[in-house]
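Asks: Please see the structure below; I have some questions.
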């Protein structure tokens, strides 16, 4: 009997491990076993966070933050870059200053990390690698912003933090203190950070107090709209690695509230009230996506939700949270733009539609589409979770900045 029980336990444990590790990975993705293991560890973390949340031990996002904490590295200078943690306008930033001489004034990149407005840190190993490399390769000053996070802080706090840092840095006295060329400044970010970068670039156009103009915005697989959670990319990539649809819905709703009624309405795509119906043409994918991305999806008119949610949480209809909702007039005059999208990503169509709308508004756009990549791929560039595709995307992003900033 004991032998049988042991065998049963072994069988169940093996089945559980196999279930966790085996995830269908798109055929064109490189290093599928590595991607499978990374996905399995993210899934396990998500499940543990869910359990902790249900048992009332800690909030789901606080549990996910443990991953951020495990990845944290202290600010460490090296022979090329001086790294310090400081504050700009009372917001924590990690500052990267090149040590090698510069012929003239330097370029600058203001960077916003991803993590669904709820997790992440400028000091995570992957972000430290990215921003340090940016500073070194471009001989640029890099300001990586540690904006405050949900669930403790809701929209618009995250936006206000990154905006106040940007505005502080763009003052001529601050630029001259760091030897920065006012004509060569970029805002950049990935995922939720790409969302914040797009929103900051839009807001700066309206701000008469800011004299310095951005030269470039670089948006890496950005989240740009909260209206339609049923785009072809959401349908196709519902269960794909790193960012399944329900996790993205959770991040979006948590940005505004812990009220589960918003999350549930978003998950079933019934959260927009009829009085906001005029906004849908800004995200109408049947007009804005190329044929090859529509696949077999058929556009259906939205199912409207109650007005109550939008009255309680107006943030999800605000362009500072959803930059794709800006009118064509508000997009004119935006800086030179780089957008990276990944095929296997729920956020793919957000980036593709923004590129299309910006071009129509006369903005110069470089849209890089990685057909064999998934959301977050650029973060996997430092060991142990190092991926060839991550290096390739990072290299492409840096090359573009080098040529255009």
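Here the Cβ of each residue, glycine as well, is placed from N, Cα and C on the backbone.
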Asks: Kindly point out the range from 7-25, 26-44 that TrEMBL annotates with transmembrane segment.
Replies: 7-25
Asks: Can you tell me the CA-to-CA distance separating residue 375 (active site) and residue 345 (active site), as a whole number of Å?
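Replies: Here the two Cα atoms are 5 Å apart.
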Asks: So how many other Cβ atoms are close to residue 345 (active site), meaning within 10 Å of its Cβ?
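Replies: Residue 345 (active site): 27 neighbouring Cβ atoms within 10 Å.
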Asks: Work out, from DSSP, the number of helix, strand and coil residues along the domain 'Alpha/beta hydrolase fold-3' (316-378).
Replies: 24 helix, 19 strand, 20 coil
